[in-house]
């Protein structure tokens, strides 16, 4: 066939009637604009003039947008589509002619190239911000508009109309070119880049100038927005380097919490104004949210409608293609009367055209769907950020009475932050479904009715009737989940108790008892999990079975009720429609549940936002104060001297005025004055009454009184935390005549530092807790830490003052926490300091030091006003002004001299109390609490350092390995799936269930394929042979049997997967618990408690509830994809050729996504905890924050944490969209390839329909394969962590002797022989005891002493084989303990530890958890421990409740309970490991007395905390550095004046 532009007919070149009357010349004329544009733009694009001429340097590869940016892109895409149609029409029309006519499609091809070039050219101009180059585009659109208009006019003259496709295409071209021309004119009008004297200069957005902003979705062009192309760099880079917070940067300004907070707050305030005149109405949060975020939701809904409507293109195109193939197969194609031009109807009846349209429809549908998802997710994140800011702002204004009186608990606030805001965010995600789903369902039913008639309604009815069952199942799932959560909380509580008391449990051989208790709770939890698994299985079953049931009902009804045969086109289009219909009906139950939860969340949020607030704080700025003159007169005090050397011995009779300050008495001013004050905690009843007090400026005011008299309330009333019923709090104006000091010049007169009675710490470093936002001053910081005696404690911390403390950091004692809070108040450069009972948790040494160095020296020398609440009356001699409180009123106010003169009775009462305190002081001087605190901290640090050392060694090994690895190896490790861990998890569920799951899954999907294949054969048979009734019955029967089998297998597979997951969870937890409980004590010393507990909480929860559904979804989507590929390949083997490149593309997409997704999920998780903790710690320290006036700083911190969490979540969502767009486009390519291969190669219309149906299915499941794969990889991390603990070596519980060989009453005498004993904690550690030899007689009382770290406690552990005895032996009553089973050995000895441990339960359970003793024996033990009367007075007696840790008893009582516990065992050997270290002297005396009488005939080994406690011992062992250096009686040891024991005795005197 001859090739020429106008064809090889000479008449085609005839121009006798005019050039414009020749269609070939008109088509040639249309080439001119395209050639012009290519000629102009290609040199610019290749030379790169645009980018070199950039006037603005932008660090991102992004740009500003010219006016009409999005419209231009939309019009350009529309134009490209019309060009494709023009090319297709030209090729089809040309195929109908005898010779080739290039003019029919060549201009369209050039137009397609030119239009593509125009958008690339425009993109580069925007990148360079050089709009003058747009003039070329303007000329192009003008020329294209003119030439297309000429062509349209010619067609009109030729008699063509809209029924002709060519006419329609040309008309569309004219409209689109005209609109694009209008866009260019608008750019000229706005930017004035040409034809105007003053061009409009526009800079790129502010966000793009910020190097920290990496989230570029709002700034990229429309194509990049739709495909998330800008994410490529981040996702690819994740292979080389893990994604961190620096990589994702900051949020754009429009998405930051503060921006959205302002929008929501303004909308909410507007609602409050509307209801201000209606007391019974509350402002609507719903309307406020709609006003603030309604527009993006409407945009998302529009995208969703478009996507849903385009979704119906699939069934319609399948119907058309199968019908065309069927006509070709039957030879019924009508080819007569073909004209040279195509009509629109003929064009749309072409199978290839339908295939391309299906491809484009899928591309558009998925693009709109992902755009809808993204907009709702972004809006939901913005809403959450705004709500968090609103809640936080409200917390900072919350009335103190709301929290203190229980009207608003910390748990409720945490729920608002962690749960309610997320509920509203998720509701917003699902919101467009509420109005999109009904339209989708109605459209689907209408199309089904058009295809199958009334029989379609039967299938729709099946779906509608079964949908409520899904809602019922969802409700039951929620109930089961709540029940599971309750049991899980109980199990974790018990596990936590075990881990905290593991040392005691091992020493008493009670591990199995407590392990059994946890296992019982676990069985209840598993029972609840079984219910959860059952309903989950039913939900999965319904999802899979309902489409099958609907199809079965429809086709059987159609076969018998309709006289027409079922055609392939109808069958497979109907199947596709049923799949579309089922999705919204199932989703409906989820949306309804979230809607109900959202309504409840809004109610809770509204109640919180309308709760009481504290009053205005203008009092802090002096606005409410009286004139200075009216509160200026104040009775001064004479100076007094301070003895900084003496410890805290103060006597009122020797009181003298100090010489600290020299100020005129009559001119001493008042800092704070309260007049006629009545204050309440919100109940309406006055807690403080008739308060008239004055706080002198620059002096020390002490507030004293009995417990509960209102001292702390008075401080809080002054700070504005209480409700003022009557009276005023006045803060004096600034005295301008007052001398200015350098130290006070920068101070705010009304700034306050405050240390609360209950210490409150930030989750931050020690330094940050002390400086509290103030600039760091090294000299001042050192002075403060020295004054508060903090330096020795700081030195014990692993990272010094850079160690993180608080809830998420190192656990400190009460005294250490108290001193840090006082140091915070001292460090602040404020004029006024409030200290609320700062000595309560401190021993006498620290109290004296803090009083002398911190208060009297540091604060008073700095001329600061100090208000001190205290019970330590011995410090009253230092007070400049004293306020005595009683029953919420001021009893007396004045100097100590005033009170001594005017209220002798009160003064004498104070003297009596001081004498009593002095007596207690004598005892406390010996019981050095601080030493104990530091010892405890040192032990904790030792454990952590040991663990850190092990981790550092592991890291060093890994680093050495990494040095040897090249980049490809690192990338391989980052992308490798943890298949070994997966295998361990699957085998944990049992091989039988694993094989059953695999077999049932394969069988189920085989049956589903068989159902569809049977349908293809059935419909193809009818279309070819028009088979009669007998064959119809055969096909219906076969179809019914297969559908029934498919429904049954759906149930079996869902149950099998859930059951296997449940079994795996059960086995993994059981193995973990037993491994941990039987682990060596060294493991618990070197592994943080939180780390172990995390295995039982978060990791177990993932294994229990997250892995099974992920595994089910992954296997289902993978098998569906494989079935689809197999069926398409069977129907059209040519498809296999295209499968390789598509498979390679899919491999790389999932490979890159999994790595990036894992990093982003970890970032999302890691940034969420600090945010929740910040809310929690703010609510706990609200009074302190407000006193310091640091609300703004804390708000800023909250906004930073919110934005950090939001940016991580936003990037994770964008990564998911990136994946789904690519897998959806890949699925569309599969559909296009399968369609073309089916049309050109298949002769069976049924198989063509089947192949296309599966091709459409694959689009839905490709992204689920990758998403589930990524989720499973993250979740398998939990299994890996659990398995890492399962490899730990357990203690050797077996002995060479059988338990039956051990005498029943062993040890009976209590004789102990220690032969050359060498002990170490682990094989790779140095010995802690070296060659110890000793002999202890039966019934002897032995004392063991030595300095810290000498090996005393190690010897006590050696008796119980808690440490490694690698040489020597211990023989008790003739039996070597190394031969005994561990349980037997430990159950026959008794020990009392330093830390008294009680477990939650009853007193009976704590004394005798094995339930072996009678009540009489228990009462006897309590009587011996002098607890009988106290226990009898409790409700329940022996069955009285013991709270967790025994917190409802004092420390002394707890230690006495431990003594009773030891007596219950009736062991002949008792070991006391510093048992009196943490109790007062009185309790110690009781303990010593009881031991001497109750254990008079037993061997008692006492490890001494104080040497005085073993002075009555019959034998003393003295250790130094693990060596027994002295062993003799006390008199003999004291006779050696230079001996270690004598030295210890002298030191402790």
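Positions of Cβ are set from backbone N, Cα and C atoms, glycine also.
Of the candidates 9, 763, Swiss-Prot marks one as N-linked glycosylation site, and that one is 9. Relative to the membrane, residue 24 and residue 1416 are recorded by Swiss-Prot on opposite sides. Checking 280, 326, 402, 966 against Swiss-Prot, you find N-linked glycosylation site recorded for 326. Between the listed ranges 1086-1106, 1107-1127, 1128-1148, Swiss-Prot ties the annotation transmembrane segment to 1128-1148. Feature transmembrane segment, per Swiss-Prot, maps to range 302-322 of the set 239-259, 281-301, 302-322. Among the ranges 168-188, 189-209, the one that Swiss-Prot lists as transmembrane segment is 168-188.
As annotated in Swiss-Prot, N-linked glycosylation site applies, among 334, 811, to 334.
Residue 1351 (ATP 2 binding site): 23 other CB atoms within 10 A of its CB, across all protein chains. Surrounding the centroid of the Cβ atoms of 705, 706, 707, 708, 709, 710, 711, 712, where the record places ATP 1, the chain contributes additional residues within 8 Å, namely 885. Most Cβ pairs under 8 A with the transmembrane segment (73-93) among the ranges 133-153, 168-188, 302-322, 351-371, 572-592 are made by 168-188. Local packing around the Cβ, expressed as the count of other Cβ atoms within 10 angstroms, is greatest for 1346 among the binding-site residues 705, 1346, 1349. Local packing around the Cβ, expressed as the count of other Cβ atoms within 10 angstroms, is greatest for 710 among the binding-site residues 708, 710.
Per DSSP, the topological domain 'Extracellular' (553-571) is made up of 13 helix, 0 strand, 6 coil. Secondary structure by DSSP for the topological domain 'Cytoplasmic' (1056-1127): 67 helix, 0 strand, 5 coil.
Segment contact is absent for the transmembrane segment (351-371) and the transmembrane segment (424-444), given fewer than three CB pairs below 8 angstroms at sequence separation of 6 or more.
Comparing residue 1353 (ATP 2 binding site) with residue 711 (ATP 1 binding site), their Cα atoms are 44 Å apart once rounded. Residue 1346 (ATP 2 binding site) falls within a strand segment according to DSSP.
Between the transmembrane segment (302-322) and the listed ranges 133-153, 168-188, 424-444, 532-552, 572-592, the one holding the most Cβ pairs under 8 Å is 572-592. Across the fold, the C-alpha of residue 1347 (ATP 2 binding site) and the C-alpha of residue 708 (ATP 1 binding site) stand 42 Å from each other. Working note on the binding-site residues 706, 1350: by count of other C-beta atoms within 10 Å of each C-beta, 1350 ranks first.
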